[in-house]
Amino acid sequence: MKFVFASFALFVIFLCFSQSLSQSYFRCRDNEVFDNCISNCGPPRCSNILNTYPCTNLGPLCTPGCKCKDGRVYDNQGRCVLQTECFQK
């Protein structure tokens, strides 16, 4: 029983440690947040938010990294802006 408990405790510690390492590896910019699973189809951008075609990327389903906060997309300069700002030019 002690072995099972010790194994479980080590597993939990490993999960916590690996999560903190992956978050510290990425330095997210203004209006970005870290996410463990970002779609490999690419982030939403001003240039593709109206695209109605589904992504057909056959690679891994997701990767860790930074993404725009809710309601924001990347503009042409790579900054996270509100979606409404995409159409103001």
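The backbone N, Cα and C atoms fix where each Cβ goes, and this holds for glycine too.
Sequence annotations record features per position, and here Swiss-Prot assigns signal peptide to 1-22.
Look at Swiss-Prot and you will find C28-C66 (among others) tagged as disulfide bond, backed by similarity to another entry. Its Cβ taken as reference, C28 (disulfide bond) is surrounded by 16 other Cβ atoms within 10 Å in the chains shown.
According to Swiss-Prot, the domain 'TIL' annotation covers 28-86.
Within 10 Å of the C-beta atom of C37 (disulfide bond) sit 12 other C-beta atoms, taking all shown protein chains into account. Summarising the annotation, Swiss-Prot assigns disulfide bond to C37-C62 (among others) and lists similarity to another entry as the type of evidence.
Within 10 Å of the C-beta of C41 (disulfide bond) there are 14 other C-beta atoms, taking all protein chains into account. Taken from Swiss-Prot, the feature disulfide bond applies to C41-C55 (among others), supported by similarity to another entry.
Per Swiss-Prot, the feature disulfide bond maps to C46-C86 (among others). Within its own chain, C46 (disulfide bond) has V73, Y74, D75, N76, V81, Q83, E85, C86 as residues 6 or more apart in sequence whose C-beta sits under 8 angstroms from its own. Under the DSSP three-state reduction, C46 (disulfide bond) is assigned to coil, being neither helix nor strand.
In sequence order, R29, D30, N31, E32, C68, K69, R72, V73, Y74 make up the list of same-chain residues 6 or more apart from C80 (disulfide bond) whose Cβ falls under 8 Å from its Cβ. C80 (disulfide bond) falls within a strand when secondary structure is assigned with DSSP. What Swiss-Prot lists as disulfide bond is C68-C80 (among others), and the listing cites similarity to another entry.
With respect to C41 (disulfide bond), the closest of these disulfide-bonded residues in Cα terms is C62, chosen from C28, C62, C66. The two recorded residues C62 (disulfide bond) and C55 (disulfide bond) have their Cα atoms spaced 13 Å from each other. Note on proximity: of the disulfide-bonded residues C28, C55, C66, the one nearest C37 (disulfide bond) is C66, by Cα distance. Look at the Cβ of each of the disulfide-bonded residues C55, C62, C86 and count the other Cβ atoms within 10 Å; the largest number goes with C86.
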